[in-house]
Amino acid sequence: MGGQLSKALGRLFGNKEMRILMLGLDAAGKTTILYKLKLNQSVTTIPTVGFNVETVTYKNVKFNVWDVGGQDKIRPLWRHYYTGTQGLIFVIDSNDRDRIDEARGELERILSDREMRDCLLMVFANKQDLPGGEGLFEGLQWLSQNVKGTKS
């Protein structure tokens, strides 16, 4: 009985909400990741023009995840989504080596905005399983060498 009450109170008073922004270049896999989190299955997606928003609950925390399109013409609009963001998931296509520098530039631009200075950051190196995909350690190496403001 006490365990049930404790669970109920936890559900009632322990819930938190977090606003998460998921950004990255077009075709990095942001929408696929969003729906894998939400539905726990892979879905067929089309390029995002605008945004998708879904709520994912994990351990009494509601994550309101905003997946915003990554086409170059949409990127200047990203800043309109920064206000109130508590966490940023920046998705990199590990298989797209030709645009790694472009991704770095966009991430630096995001992190230099004052609205994002207190935001938690997770860099998601997607598509590592593809033949040309960079692995986790290569991605971390690149990140440590290329993102401004990191300590060596």
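Even glycines carry a Cβ here, placed using N, Cα and C.
What TrEMBL annotates here:
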BINDING   G24, L25, D26, A27, A28, G29, K30, T31, G70, N126, K127, Q128, D129  GTP binding site
BINDING   T31, T48  Mg(2+) binding site
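According to DSSP, A28 (GTP binding site) is assigned to coil rather than to any helix or strand. Note: the Cα of T31 (Mg(2+) binding site) and the Cα of G70 (GTP binding site) are spaced 10 Å from each other. Cβ crowding, taken as the number of other Cβ atoms within 10 Å, peaks at K30 among the binding-site residues K30, K127. Taking the Cβ of G70 (GTP binding site) as centre and 10 Å as the limit, one finds 24 other Cβ atoms among all the protein chains shown. Calculated from their C-alpha atoms, the gap between T48 (Mg(2+) binding site) and G24 (GTP binding site) amounts to 12 Å. Once Cβ contacts within 10 Å are tallied over all protein chains shown, the binding-site residues T31, T48 are led by T31. Note: A28 (GTP binding site) has non-local neighbours G70, V91, I92, D93, D96, A103, N126, i.e. same-chain residues 6+ apart with C-beta under 8 A of its own C-beta. DSSP classifies G70 (GTP binding site) as coil under the three-state reduction.
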